[in-house]
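What TrEMBL says about this protein:
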type: ACT_SITE; residues: A:85; note: active site, charge relay system
type: ACT_SITE; residues: A:160; note: active site, charge relay system
type: ACT_SITE; residues: A:184; note: active site, acyl-ester intermediate
type: DOMAIN; residues: A:27-479; note: domain 'Amidase'
């Protein structure tokens with residue numbers, strides 16, 4: 001097999017080839033490391049990775065090969081490379097959360113999902129770029145420079161998990177991990193033509209996920225195909241005693257659901273189009289691709305109806321009170337006392353002065369903005385009006401979902417109002433930036449499962465559009481069934497995967 | 001403002017004009033094996049920063065998980081304080097920056113404590129005898145302890161003037177229960193004693209529950225005392241001060257007394273009390289101003305999103321209710337009645353810290369008066385001389401009961417019994433071993449005793465003659481001689497009988 005035929009293949013294909021001995025895990029890993037070296041330059045390339053772990057990745061791949069040689073049973077993704085968002089702790093690699101304040105910090109422990117992936121024989125290539133502490137929708141808030149969208153290097157790859165989505169779309173890894181607090185898995189997936197799933201809150205352990213907003217954060221699988229995402233989901237999902245919010249129930253069989261969906265039969269499925277998530281502010285090409293995708297689902301046998309979720313209109317403002325409140329508390333620990341950046345410690349300053357200087361120098365503008373907002377929203381005298389009211393809206397949004405799921409099995413909307421915008425376009429307009437997450441935020445507030453699947457390119461700019469599917473809590477399997485059905489229908493319509501249309505990147 | 005205690009009005013002058021209102025906040029470190037939110041050991045005295053993990057160090061990505069045993073202890077404390085136990089309660093984050101706090105927020109409880117609205121009864125001794133006072137309990141809630149800061153290079157050990165600080169996070173995350181009283185309003189002259197009795201009784205209760213050793217000198221139990229004054233006969237509370245870290249029973253009483261006198265002095269001059277925290281100085285017996293609370297710190301409490309609510313099942317709570325020990329005040333009253341002690345006698349036993357020991361001695365077979373006599377007499381003296389606790393003096397309740405049995409059987413008389421106890425305290429072994437080794441048993445061999453009596457009569461024929469003549473007052477001289485020849489090991493009563501038998505018709 002040639003190198004390019006290796007890095008263009010899906011995770012399922014690679015795992016099968018490794019298991020069958022057609023190719024070694026070391027060869028697969030080497031091909032992807034070479035691809036990273038070729039296309040990921042920080043100045044001129046995609047810049048998906050902040051850190052690449054070449055030696056250790058090859059060593060881990062060697063272990064998989066040795067196990068196979070010894071006749072041991074390999075896991076379903078053994079030997080498959082993965083790009084890990086730099087917000088998940090790794091005991092053998094730095095973890096920065098995209099922030100100067102953690103530059104060079106090497107955690108002494110693996111996150112639960114890191115451990116589960118290693119045990120499954122997944123090869124962690126390195127850590128991917130992100131908006132600082134997962135706050136942003138473009139990866140421009142990274143302290144280490146932006147990531148570029150492989151479809152058009154002048155455009156953003158989404159955020160906060162732009163490094164993970166760009167790594168997938170530029171064939172640097174077939175699998176990636178993202179985290180989603182308001183859309184940070186789904187929006188990058190949508191704007192890069194990849195698959196991103198935000199599992200049910202509590203379905204995947206948060207132990208070792210550096211918190212942005214604890215009640216909203218959820219790690220999840222990112223891939224180029226629905227089946228690959230399902231395979232990764234089943235590796236990382238499930239109860240973890242180290243995470244008190246982890247659900248003590250088995251993960252639904254998402255792999256079986258993806259395989260079933262690939263049969264292309266959605267009869268019996270009821271799909272609700274959310275009335276509030278469309279119309280004014282939505283790009284024409286996005287609405288067109290979305291409408292066509294819904295038509296496809298209907299043709300596959302699903303019953304499509306319109307559903308109203310009236311409180312979704314208030315989800316965004318509520319989110320921007322709850323999120324900063326939790327951020328202001330979660331980010332308090334970055335104070336130079338125990339780890340990370342320390343500024344101004346020249347022996348003349350008090351601990352408090354060093355804390356102030358470090359936080360002033362270490363946090364970027366968006367982190368500071370949200371810390372200030374959250375500190376304000378939680379202060380006495382304002383708590384009821386801001387945090388308290390926002391929690392009430394959160395309850396109403398959850399009830400909208402519950403009522404909707406009495407009528408339909410899943411809800412759908414566009415994932416984002418627009419396609420990927422040019423780098424720099426919205427950096428000075430936080431409110432415009434926040435609107436990227438209009439459709440994705442309700443699921444974070446309610447904690448239910450949702451995902452973005454590629455549904456074509458907008459004609460006006462040739463950039464990818466995502467179909468957003470929302471399922472009830474613990475019904476993650478429905479996402480995969482619908483995603484796989486849509487995928488097989490569209491791939492046959494297009495004559496190949498959407499990502500075949502990504503322009504060839506200049507290689508170094 | 002008067003600077004020294006000498007310049008302040010006396011306590012009785014102060015309470016002649018003002019009534020104090022108190023509020024006690026007591027933190028108890030639970031004696032769980034692991035910390036509140038992680039699996040680290042809680043053992044005291046380990047090298048700095050050796051009992052830590054990502055969670056109690058607050059490392060990025062780490063998460064807390066609630067220690068079930070700590071919740072159980074909290075519920076049992078709540079039940080023992082006659083509190084309601086919440087059916088559903090949440091943890092909250094208390095946000096403030098301090099280097100010994102790893103996350104710069106403390107996981108605590110705010111408006112949803114695990115236990116609330118209870119009461120406990122404490123006994124204080126007054127000139128008119130024991131008085132029982134009911135103290136309302138506002139709440140008991142769970143939280144985590146902070147690390148410890150050691151400020152180096154300054155004169156006082158406080159942060160002011162220090163060149164640098166060392167941080168030890170072994171204590172960070174140790175489970176704490178904070179118990180807060182309702183305002184305590186009692187007869188003014190009793191206030192300091194009630195404050196002390198409350199803390200003392202709470203300590204006994206915590207120990208009886210077995211949830212903590214509650215050793216104040218190790219910081220396992222820490223007390224903050226809130227005090228305010230109001231002019232006598234008025235209803236509205238005055239401005240309060242909070243005296244922090246009053247960490248012995250004696251200090252609780254002294255600190256409350258001092259604050260009452262100090263505040264009276266301030267109010268007497270027409271000034272107002274500043275709402276502030278104050279530091280207690282054990283050496284001078286005074287408090288000094290700490291942080292001014294005028295700009296109340298805003299802790300920005302909000303529900304801890306990393307934890308799910310605690311919802312103890314009612315059956316569990318009911319089951320825990322059956323594991324409660326007898327309340328200390330009830331126990332004291334019951335034992336006093338069973339032992340038939342006067343108020344004064346019981347107070348002596350309690351003040352000597354001998355209640356458990358006396359009870360165990362009685363259980364081992366002694367009678368109440370005998371048990372009390374030994375523990376409050378010989379043994380207390382020895383313990384005091386050695387500067388150890390009564391139960392560390394070197395004699396067990398079973399030993400004391402055995403000595404009493406030997407006396408009852410006639411093997412020992414009172415004088416010999418004292419020598420046996422002395423021997424046991426000196427580490428010579430059990431009472432029987434001491435009797436054996438020192439040859440202390442009463443001579444009970446009738447023929448040996450008879451021979452000794454005959455010998456004494458023969459040696460003092462003039463005395464014998466007086467007795468024969470009916471002068472019974474002379475018997476004593478012969479008894480003395482017999483006791484001397486038997487080295488005190490004879491039963492004097494029996495000796496007397498034998499002498500009279502021989503010399504009177």
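For all residues, glycine too, the Cβ spot is worked out from N, Cα and C.
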Looking only at C-alpha atoms, tell me how far residue A:85 (active site, charge relay system) is from residue A:160 (active site, charge relay system), rounded to the nearest Å.
9
Which residue, of the active-site residues A:160, A:184, has its CB surrounded by the fewest other CB atoms within 10 A?
A:160
Inter-residue Cα distance where the pair is residue A:160 (active site, charge relay system) and the residue listed as 'active site, acyl-ester intermediate', in Å:
5
On average, what pLDDT score does this prediction assign to the domain 'Amidase' (A:27-479)?
97
Work out the three-state DSSP category of residue A:85 (active site, charge relay system).
strand
